[in-house]
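Colleague: Before I ask anything, let me first share the structure, which is written out below as structure tokens.
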Amino acid sequence: MDSFLHLKFMEIALEEAQAAYRENEVPVGAAVVYQNRIIAKDHNRMEQRQDPTAHAEMLVLKRAAEVLRSWRLQGTSLYVTIEPCPMCAGAMHLARIEKLIFGARDGKKGAAGSLYNIPSDERLNHRILIFDGVMGKECRTIIENFFLEKRNQ
């Protein structure tokens, strides 16, 4: 997949992050792509649902499984605005996604290279190709602005 498509799909994830921001959710957005078509997109909904698993990545994995009628999401790519946490990276591994594309690194909880590297762990039976830094500045800015605004309230 060329860089133009990475940008196109990350823009969709960023639009979802902006929707989360407007809803007072931590602004993380995600999309699952299969055969160059978005089959699922969503954003964090933890506050709305009072559900600790309602991360953007978890929601799009569930929806993609419904669309494809399979929990095995082979051949899919997951775009997310920030590096996944251990829970989300583990779910991606279990779902057997092919590619993970994210914008900003997460030095506090990142599980795709920052603190842990679940997608590339050779002890596991499936590896995920990782592309990071796609629209990294924009993805980092929305998160930073959200938490700056929270601290100043």
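The count begins at 1 with the first shown residue.
Here the Cβ of each residue, glycine as well, is placed from N, Cα and C on the backbone.
As the structure is a computational prediction, the values presented were derived from the model and not from experiment.
TrEMBL lists these features:
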ACT_SITE  Glu57  active site, proton donor
BINDING   His55, Cys85, Cys88  Zn(2+) binding site
DOMAIN    4-131  domain 'CMP/dCMP-type deaminase'
Colleague: Neighbours of the Zn(2+) site His55, Cys85, Cys88: Cβ within 8 Å of the Cβ centroid, same chain, sequence order.
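Modeller: Not counting the recorded site residues, we get Ala56, Glu57, Met58, Pro84, Pro86, Met87, Ala89, Ala91, Lys109, Ala111.
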Colleague: Applying a 10 Å Cβ distance cut-off over all chains shown, what neighbour count does Cys85 (Zn(2+) binding site) have?
Modeller: 22
Colleague: Any idea what DSSP makes of Cys88 (Zn(2+) binding site), helix, strand or coil?
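Modeller: The residue in question, Cys88 (Zn(2+) binding site), is helix (DSSP, three-state).
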Colleague: Between the Cα atoms of Glu57 (active site, proton donor) and Cys85 (Zn(2+) binding site), what distance do you get, rounded to the nearest Å?
Modeller: 9
